Amino acid sequence: MSKLLRYTIVLFALCQSAFAMTIPVHPVAKNGILDLRSAPFTNKIELNGEWLFYWRQLLAPGDKPAANPKLVNFPSLWNKWDKLNGEELPAYGYATYKLTILLPKSHGELRLSVPDVYSAYLLYVNNEPAAKNGKVSTTAENFAAHWQYKTFDIAKTTDTLRLVLQIANFVHSKGGITKPLYIGDKEVVRLDRQRDEAIDLLLTGCLIMGGLFFFGLYLFGNRDKAILLFSIYVIVYSYRIIGIDNYVLHTILPDLDWRITVRLEYITLFAGIGLFGLYSRYLYPVDVHKIVVNAISGICFLFAGAVLIFPPYYFTQLINPFLVLMIFCLVYIPYVYLLAYRRGRPGSIYSLSSSISLMIVFAISLFHYWGFIPQLQVVSFLGYVSFFFLQSLVLSHRVSFALKSAQNQAEQGLKVKTEFLSTMSHEIRTPLNSVVGMSHLLLKNNPRHDQREQLDVIIFSANNLLAIVNDILDYNKIEAGKISFEHIEMDVVAIARNVVNSLQVSAEDKGITLKLVTDEKVKSKVLSDPIRMSQVITNLVHNAIKFTPSGFVEVSIDVLEQSDSTIKLKVAVKDTGIGISKDKQALIFERFTQADSSTSRGFGGTGLGLAISKRILELQNSTLQVISEEGKGSVFYFIQTFDKAGESLPEKEFKNQLPKQGKPFAGIDILLVEDNPLNVIVAQTFLKRWGAAIDVAVNGQEALARLDLSKHKLILMDLHMPVMDGYQAARIMREKGIAIPIIALTANLPDEVRQDIAAAGIDDIVVKPFLPDELYSKVWHHIFK
Ligand code: ADP
């Protein structure tokens, strides 16, 4: 609130100082004579005071008046005077005002400015017509109204100015003049007007651009009605800056018909407030009283409608009841904003501050309208600018708030999707574990030839299913930005060799040659993520085999550049397969896209492999590229620069020391913690085959109870179990100082659980569905290391 207070004080201070500056002390006319012989013309001087007044006479200079003049206070509305000769003057009528101004014998160049009057005038200066607005006449038929600022110079030699001002009105509910005429140094008057025009034009430009901006935001954004109403309000209100008071628009377009401009002036006032009411309603729908706001806006639009239908004489009189409504709004709208602020609505501090600016602007225009203060254009300008600026902040805040919540929702949605997919994959992997495990077991039980073939099909299909689940999970993770890369020592050639070896069988099955060609210059190991590298090369080779009916697939690794610390490699997978047409080459890197929709039917696949590989490489500053010709084959390649690893140690291949046959785990007790009976059977069967003795616990709590350190050498621990999960069980064991090796059996991807596993003190992971070899080597490693 203190910010608000300071803001208000500053505005008031500005208001006061500007007010003081704009009220010059100057001579006043007496008996129709204004003596300016000793006046300085460095400031504009108002030609106010007692003027001679001839009612119902349009006197040209030299004309004999039909009656004696009255002395009236100038400027003022004749229909607001108490009485003239005992009669109250109507708004409609015509009259002549006269003033003689005495100037110094010699003076600089002077200029006189004439404002608009109600509603037409003709001014003579020293017998010559000097300025006019519309057409004065004694009858309504010959009369034409017009409002426009006029100014003219006064010859240096003139020491007396005889002003004869004819005013006529047959259209407005006011008659006479309310704004003063000014005289002053030519430059002062000119600059003064220029400043007024500049301020009005500047503000109008700002408002129109701001309004159009918000209109665009509404059209192309979230279709928020508050934004639409604000944009219309701003554009409508911009007319009031340029089309009233100084009538800058009329200076630019002097031929604009008065009947149109006067209507625009009133419509923009009435409709403007109505629009602002509606805008506030949509801005803070819960905080406004709907009936009140609807009533305010309704009356405003009704008034605006009346302007279109009725003649100016009638609709100009609506201003008084409208002022009452406006004063009510001046209290009610800030009250709504205060409520919104108290209730913590987003951006409401700005609405509240803006309503203070608006109150100041309206107060100034009201007091100015009542003639208590001058126009105070600079203060009004500042007030308007801060009002619109603060309201823009309210809306910007609103838009960004909406965007943020949409973003949160999207993030939430993504989270839910990721969780769903990871649960799904977990659920799919668990039964797959039994399928794969049991099939492997059956294979080892000397099946008949035809049974072996059927088992191969089962294992092949299960592995395919697993690959699809893994791909979806992987892509999901990449999309969610959850992928991280290791920066560890790896041997690119060894990785490529492993991939080639593992896919050799499928290549042979198709009758194609799969070979690896490596550059001899690749000597040292590099630092990168071996798992991801293997994933990318596997994907490419797998595709190459899949899409090559005959011929060969060649994996090549070439050194493009190398220094002491870095090496730039080109890894390419070339095939003599079906190739990809030019127009499809960019598409295949998109997710779920295949070059030909018949592909998935003919060759299988989800269309995710290349998208994943591409993203993995991009995240490591490399790009996956393709050169391909339909019917001839394709080359998929990427170029990546790696940091070289230091002097590399010979790889610890404990696998080589593994006994391949027999019962290496004879006499060893393993505690298997697993709640799924099928998984228990699978793991138990393998471990028993290798000679181990198995105790089974169905959850973490039971594991804690059954663990016998004098007997058990290793724990195989499922992670998700009822009562107590694997993490907690492991954590409790480690807290008790139990150092037995624990291997997690999980259906999650290793990346997903790696951190939690490490935190729980678990030593290793075997991912379900496990390959017997992997389980075997990991158990062996942890028992005999
Ligand atoms: P999937 O292989 O699961 O369909 P990918 O993202 O790995 O998904 O590949 C997308 C598409 O790119 C494939 O469906 C295929 O049309 C095309 N494609 C990929 N590799 C090759 C290749 N070596 N030869 C021909 N077409 C290929």
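The backbone N, Cα and C atoms fix where each Cβ goes, and this holds for glycine too.
Where the annotation comes from TrEMBL, it is an automatic prediction and has not been curated.
Marked as signal peptide by TrEMBL: 1-20.
Feature annotation from TrEMBL assigns transmembrane segment to 201-220 (among others).
Residues 200-201, 203-204, 207-208, 210-215, 217-218, 221, 250, 261, 264-265, 268-269, 271-272, 275-276, 278-279, 282, 384, 388, 391, 395, 398-399 of the same chain, all 6+ positions outside the transmembrane segment (227-244), place their C-beta atoms under 8 angstroms from a C-beta of that stretch. The transmembrane segment annotation in TrEMBL covers 227-244 (among others).
The transmembrane segment annotation in TrEMBL covers 264-284 (among others). If you look at the transmembrane segment (264-284), the same-chain residues 6 or more away from its ends with a CB under 8 A from one of its CBs are 224-226, 229-230, 232-233, 236-237, 239-240, 243-244, 290, 293-294, 296-301, 303-304, 307-308, 315-316, 318-319, 322, 325-326, 329, 333, 336-337, 339-340, 345, 348, 351, 394, 398.
Outside the transmembrane segment (291-310), and at least 6 residues removed from its termini, the chain residues within Cβ reach (under 8 Å) are 263, 266-267, 270-271, 273-275, 277-278, 280-281, 318, 322, 325, 328-329, 332. What TrEMBL lists as transmembrane segment is 291-310 (among others).
Residues annotated as transmembrane segment in TrEMBL: 322-341 (among others).
TrEMBL lists 348-370 (among others) with the feature transmembrane segment.
Per TrEMBL, the feature transmembrane segment maps to 376-395 (among others).
Annotated domain 'Histidine kinase' per TrEMBL: 423-644, in sequence order.
TrEMBL lists 669-783 with the feature domain 'Response regulatory'. Assigned with DSSP, the residues of the domain 'Response regulatory' (669-783) fall into helix, strand and coil as follows: 53 helix, 26 strand, 36 coil.
Residues or ranges marked as 4-aspartylphosphate in TrEMBL: Asp718. The Cβ of Asp718 (4-aspartylphosphate) has Val673, Glu674, Asp675, Asn676, Asn679, Gly726, Ala744, Leu745, Thr746 as same-chain neighbours under 8 Å, each 6 or more residues away in sequence.
Residues 269-270, 273, 276-277, 280, 283-284, 287-288, 292, 296, 299-300, 303, 348-349, 351-352, 354-356, 358-359, 362-363, 366 of the same chain lie 6+ residues outside the transmembrane segment (322-341) yet bring a C-beta within less than 8 angstroms of a C-beta in it. Summed and averaged per residue, pLDDT over the domain 'Histidine kinase' (423-644) gives 86.
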